[in-house]
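Peer 1: Sharing a structure below in structure tokens format, with a few things to ask.
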Amino acid sequence: MKVSKDFKFYYSRDIPIKYKIKLCTLEGKRNKENAPETVDKWIEKKYLKYSSLYRDTTIDLYITCTLYSDGKQLSTSEHTSYNPFSVSNKWDETIIFPLKHQDLPFDTMIVITIWDIYSPMKKVPIGGTSFNIFGMNKIERKGKHKLLIWQDREGDGEKETTTPGQIQGKDEQYRLEKLKKKYDRKLINHCQWLDKFSLNEIERLSRASESLNKNQIYLTIELPEFELPILFKQQNCPLYIPLSQTQKKSLVLINDIEMDEHPSEQKYHRLNLYDHKDLKPNSTELKGLTDILKQPPNTKVTSKEALLIWRFRYYLTNNKKALTKFLRCVEWSESHQKNEALSIMPKWDPIDIADSLELLSSAFTHKNTIMVRRYAVEILKKADDEELLYYLLQLVQATKYEQFDGNPSDSPLISFLFERSNKNFILGSHFYWYLTVDSVLKSSIFCSHYKTLQELYFRQLDHTDAQRVNAQNKFISRLSLLSVELKAMNITREKKIEKLRIMLAEGEYKDLSDFQPIRLPVNPDIEIIGIVPEKSNIYKSAKSPLGLKLRTTKGEEYGVIFKTGDDLRQDQLIIQLISLMDRLLKKENLDLKLTPYKVLATAEEDGIVEMVNPSEAMASVLSKYDGDILKFFKTHNPDADSPYGIAPEVMDTFVKSCAGYCVITYILGIGDRHLDNLLLTPNGKLFHIDFGYILGKDPKILPPPMKLCKEMVLGMGGENSKHYEKFKQLCCEAYNILRKSSHLILNLFALMVDASIPSISDDKEKSILKVQEKLQLELTDQEASNSLLQLLNDSVTALFPVIIEMAHKWLQYWKA
């Protein structure tokens, strides 16, 4: 204890007691304005009704608390135990941190996040707050504090926190609350008769304030109190070097439990910042560097690997694949490392466009990485509009990681997308609809971000393009109203189809049968002028999608399916990836006759799908042609002089398309395959539709690794035919070509992890790892081919009479 003339206190360095706080109560109501209006509207999201959005009574929440200093985590996160609340959200639980009072730096901050269990696999933040342990006068805070909870975000531990728990106020309520704290701590003399009136008045003002701020929530915490105040004082460093207590003159070995984490890494960087410009690795170090560079993108670099890359950074400037790894090693909050990285970055060999996508991911969101993101955009500018369209969906997602405050020119990526989209309406139309969908996602916390971007982009359009977008919006809105109205009718499907045609021909939706040219949102290359009423249809499905024939300005008909109540964002993503893979294969002169039809989500549960005509479900083909695909091809494309009596180009197309889709569905983990979502065209193309299950998910037990059904093999002439041998050869060739573009594929997936697509966002890291696992990047091309052939052989074995248990289960998969 230290004593001055007027003030007695303890030094914090003299308190060897673990720091603890008490979590008391949560007050106020959560802001639900962004929530869906009813649970029934989103009944498919079966867990949502159990979350805090739909329960006005108490809910089972839990809290995590972490200590931060200088923007870095000091301790592990401590959390409250399970507590089923019955009346109010009241914990009254003490959290004990592993650090003692004497260990706490002056800028130590408590970062608190309140969590709600959204589903068995997902948690969402109710809100977060942060609170400095020491006041500006260096005295440790104590007693009860009422902290503002910043809703729908985690507590922020940065030095300039975005979730301050205490906001300085100037009103009477704020002044009285400060006085009440002093009163509770007996820093103000008590006067019983006067205190009664004062406390009642404070209570009245508090209730009035709560009614004004009804959508704010507060957490009350209680900090430890001691007999005397605690003044911050650091431990003095020893001025001598402790010697061994033994008399022997020998080295003393000390076990450093943190050795694997390299606690001296930062100092090493400082001491070696401008060294090693001419240093070259030896054989062992070179192998280590080579192994690191072979790692997939988004792989976390260990401390040991980071030191190796940092040491030979100048040597690596000639290797364009090394730049992203080097930038991941940089501690961007450290000014010396930031300056060194930014100075060496322009000297590096320019990276590929595929690698530039990694620099736009969530790994580079620190305020000091703005130049890294700007560099990535400069690389991206090399892509033409056709190539850019293949990445546009992910680039729109990457805008959420930009430092954007409403001015597009401050963000290199946003300004680039605006510029390119303004120059090309095909690009601009897709850009607009991607922004539109993300601006209305109720499951996303980025709605306002995308709404702002959408409005800013629309304002920048010239008069012609603005009219085009307005026409698209009106067309989609009218289709949506028509679909909803038909769904509400309590009549048979046949009657609904009849009603649909009447409504389009002469009813209230007659305007949809004839209008001024509109760029079709799903394919802006096409201009449409109306719907053909007599060819309109409603498909047999729970969602009752509309089948429409659209008249084009070229006098042709273009078929689309308009869906309401169906989230097409996942299908849109998979079709985009299939289109990209088709392009990658064709660049290597391998055309596998894929059919990447077009899909566009126009709202969270609305969208348009291009129809592929003519085409027919495999189940229907087998039913009509005695279970024989060859009969189907022979009927439409006979050639008496060719094997099986079928035109050679048709068989070639069938074999190639089977190979392409087998490999792609394997890499993407497409599930729930059956004969109704495999389609055939008369000219031999096979293609897949409906991608509700991806990344290995499947409603059926033990799905086969390769989506190859018996009918496909028989359609090639059987497993011993030359066509099947060619099929296997094409599979291996396609697989290795796509493996070479693994960085591009994985980077595109990484940019989608925060897109609120459940199959990906439910487990972000695992989603990317599942694709990475299928690519088998650790294998050589020959090893990868052998692995794929083994999978094909296992699948074929399962399809034909071989008595093994697993084969039987895989055969049942296709029969289900």
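Every residue, even glycine, has its Cβ placed from backbone N, Cα and C.
These numbers come from a predicted model, not from an experiment.
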Peer 1: Looking at 50-71, 226-247, 512-533, 688-709, which one is region 'Activation loop' according to Swiss-Prot?
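Peer 2: It is 688-709 that Swiss-Prot annotates as region 'Activation loop'.
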Peer 1: Among the residue ranges 398-404, 538-544, 741-747, I'd like the one that Swiss-Prot describes as region 'G-loop'.
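Peer 2: Comparing 398-404, 538-544, 741-747 with Swiss-Prot, region 'G-loop' matches 538-544.
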Peer 1: Looking at 633-641, 669-677, 714-722, which one is region 'Catalytic loop' according to Swiss-Prot?
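Peer 2: Result: 669-677 is the stretch Swiss-Prot calls region 'Catalytic loop'.
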Peer 1: For the region 'Catalytic loop' (669-677), what are the same-chain contacts with Cβ under 8 Å, counting residues 6+ beyond its ends?
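Peer 2: Those are 574, 617-619, 622, 688-700, 703, 707, 709, 711, 770-771, 774, 814, 816, in sequence order.
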Peer 1: How many helix, strand and coil residues does the region 'Activation loop' (688-709) contain under DSSP?
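Peer 2: Counts, helix then strand then coil: 0 helix, 1 strand, 21 coil.
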